[in-house]
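Notes to accompany the following structure.
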Amino acid sequence: MKLSILEAAALTAASVASAQDDLAYSPPYYPSPWADGHGEWSNAYKRAVDIVSQMTLTEKVNLTTGTGWELERCVGQTGSVPRLGIPSLCLQDSPLGIRMSDYNSAFPAGINVAATWDKTLAYQRGKAMGEEFSDKGIDVQLGPAAGPLGRSPDGGRNWEGFSPDPALTGVLFAETIKGIQDAGVIATAKHYILNEQEHFRQVGEAQGYGFNITETVSSNVDDKTMHELYLWPFADAVRAGVGAVMCSYNQINNSYGCQNSLTLNKLLKAELGFQGFVMSDWSAHHSGVGAALAGLDMSMPGDISFDSGTSFYGTNLTVGVLNGTIPQWRVDDMAVRIMAAYYKVGRDRLWTPPNFSSWTRDEYGFAHFFPSEGAYERVNEFVNVQRDHAQVIRRIGADSVVLLKNDGALPLTGQEKTVGILGEDAGSNPKGANGCSDRGCDKGTLAMAWGSGTANFPYLVTPEQAIQNEVLKGRGNVFAVTDNYDTQQIAAVASQSTVSLVFVNADAGEGYLNVDGNMGDRKNLTLWQNGEEVIKTVTEHCNNTVVVIHSVGPVLIDEWYAHPNVTGILWAGLPGQESGNAIADVLYGRVNPGGKTPFTWGKTRASYGDYLLTEPNNGNGAPQDNFNEGVFIDYRRFDKYNETPIYEFGHGLSYTTFELSGLQVQLINGSSYVPTTGQTSAAQTFGKVEDASSYLYPEGLKRISKFIYPWLNSTDLKASTGDPDYGEPNFEYIPEGATDGSPQPRLPASGGPGGNPGLYEDLFQVSVTITNTGKVAGDEVPQLYVSLGGPNEPKRVLRKFERLHLAPGQQKVWTTTLNRRDLANWDVVAQDWKITPYAKTIFVGTSSRKLPLAGRLPRVQ
């Protein structure tokens, strides 16, 4: 196979070198587990087996391999099996809407969903996105994201995910997945795993920025931290039935994420019981044999480098089976996993071809964009897929607003004599809402950050527009200055304003775009575009200054948040197309703010720990990013080091007040945990593998330049691969057990979707009474934290929450449960979850540091 023999040797050599050089090491785990169709996957699995059994080898390979960058209409597209009616599958970004399209919605970012703490809204957003993807003819949505989790507050893509807390992320991750897949589209849980920064994620990208590295960054983590922090939300995703997982660019303990047998074979497929397929991130595929045996099921976009016409899969995967390097059962399993996901979401009933092109807005163009080949046809049908989704977008935008501070300034009455709207972030991008490719600039109001995780706006309501409409209703005066450097005019407007509304922001994004020296990751946590000076100027001239922050995460506010003239602070995140309307709803009291901050607001950057690697530290080899902090990120770190935050995790004010009382705890299940034992079934093969002559290019096929095909040029396998080293001894480099299809031992922590079913048995029922003691209706989020009791554990960790709506004077009893996973730690020796003998205490309140109710749990096992 082309490059694969060399790559297998390199992998072995790298493992030895890693051990010798005392670098982090990822132990091998083989063979790659085969799907068995357990639980809710049963019917889809049976259908997948039936159809795959009818496929030839090259038809199976066609499902596993993208056709190449810009070769079809979508950012990723597989081959098809027309003989059996199986279409080419369209894969398209992003986690917040359809990228590179038109007449689609631009949804709030994942971080805003986290700020709502609302499971229903997470599901509704997922369902609405799924409907739009389906209506555009997209089969696989490349989202949602739980990687990055948010280890470092300045990580460039944190906003695509939810929160640095794994429990909050896991719940909302799962609800989003359910919504997408209930709309008939395969969801993709990404980026798996430890993809926590943009610096050094790709060699070419880093070299373009002047860094002389030859391998991508290695995220080095211990087993306990992996399970208790970063793997946690992916377990929730698997339990929710996610159809696809995208492996990441980075290395994990010096093994690439898309050929790391421990993370793919052991953790994801064996331990968590994942039944869907693993796809590579775009060009994160580094080998043929190595990746296939380590658990990679689909290569995206198919070519080794964009538009190269070469692939680690395609023809080379066909050759790998024919020469015995890759067992037939492994390719059969790849195809079964892909088709099972397809059937599970009902895509076969809803499938339509893509009605748009990612590469042009022209109505007509060549069928194959990059080589300008194939039929000249209608490539864009301009189908409007927005439906009524503006309603849920606006609601999430408003419900995600976090009222950080309110000294009586809010809500506004609408009768203010003069309202000043100050700051570039209130206005429009002079180039238009979509004027910067993939939103790669910070111009005008910030409603989404930058990168492949974006969508085109159908429109963007700015704060200036929405607030002006409000002021004019009350026949007041409204003056706006959206030039952050026009200090004189800002001061003039502020001095005559009854209330000054200051809009500031901080942006970030994906590493292929450099915005103002920010290579994806933020250079610092300060406000952008002179934001601090705008606030300073306004507070010097107006004693009623309300600051609205649109940002990708925390920013430093210590110099001004306590200023007596700052009477209100709101964090509005990245609210999408209805941005202005959403913030106006909150400012004018139509919506009572109920958002809670999904991250901690520290006094300094140092408060968070130095967790972003910005300079190579391993010569020109892979930069080594050591996760020495373990599970202590965000509020867990603040608690450990007794750091006092400005606003703690989970904080958020309301226009009303609430009281929590009456904590009750009941043991509902005292059964003991039973580790999984026994063996899997043997790997199955479906259909026969013929000799090489059966897999030659079909006669009369007109080949498309650079298109990735599964067929052979010749029955001479070496000639078909073009690999000059083909035929050299390579079985000594195949990892031990990698081709073994016999029954395998089951892992103790395995046994069902998301792991051992015993982990999800409810042990305790907890109830609390919440009372609205104020004069207006509002939402409160009771939060349950657990102290696991060990000397090296966080003081407390979030485990349960619920957003509740209460009328004035109304009481509600919130009842939740705690399962075994909620109370357990990962035992690195037993390789299983264990409830330790340390005392377990629960705390219930309205933030991580406002916890008025507490109770000790009886001991369970």
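Positions of Cβ are set from backbone N, Cα and C atoms, glycine also.
Copied over from Swiss-Prot:
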- 1-19: signal peptide (SIGNAL)
- ASN62: N-linked glycosylation site (CARBOHYD)
- ASN212: N-linked glycosylation site (CARBOHYD)
- ASN253: N-linked glycosylation site (CARBOHYD)
- ASP281: active site (ACT_SITE)
- ASN316: N-linked glycosylation site (CARBOHYD)
- ASN323: N-linked glycosylation site (CARBOHYD)
- ASN355: N-linked glycosylation site (CARBOHYD)
- ASN524: N-linked glycosylation site (CARBOHYD)
- ASN543: N-linked glycosylation site (CARBOHYD)
- ASN565: N-linked glycosylation site (CARBOHYD)
- ASN669: N-linked glycosylation site (CARBOHYD)
- ASN713: N-linked glycosylation site (CARBOHYD)
- 735-754: region 'Disordered' (REGION)
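The most densely surrounded of the glycosylation sites ASN62, ASN323, ASN713 is ASN62 (count of other Cβ atoms within 10 A of its Cβ).
Rounded to a whole number, the C-alpha distance linking ASN253 (N-linked glycosylation site) with ASN316 (N-linked glycosylation site) is 28 angstrom. Candidates ASN62, ASN212, ASP281, ASN316, ASN565 (recorded positions) were compared with ASN543 (N-linked glycosylation site); those inside 10 Å Cα-Cα are ASN565.
All protein chains shown were included, and the count of other CB atoms within 10 Å of the CB of the residue listed as 'active site' stands at 22.
In this structure, the glycosylation sites ASN212, ASN316, ASN355, ASN524 were compared by how many other Cβ atoms lie within 10 Å of their Cβ, and the smallest count belongs to ASN212. The shortest Cα-Cα distance from ASN212 (N-linked glycosylation site) to any of the recorded positions (ASP281, ASN355, ASN565, ASN713) is found for ASP281. Neighbour density for ASN253 (N-linked glycosylation site): within 10 A of its CB lie 23 other CB atoms from the protein chains shown. Mapped onto DSSP helix, strand and coil, the region 'Disordered' (735-754) counts 0 helix, 1 strand, 19 coil. If you compare Cα positions, ASN323 (N-linked glycosylation site) sits closest to ASN713 out of the recorded positions ASN62, ASP281, ASN669, ASN713. In the structure shown, across all protein chains, ASN565 is the one of the glycosylation sites ASN543, ASN565, ASN669 with the greatest number of other Cβ atoms within 10 Å. Separation of the C-alpha atoms of ASN713 (N-linked glycosylation site) and ASN62 (N-linked glycosylation site): 16 Å, rounded to the nearest whole number.
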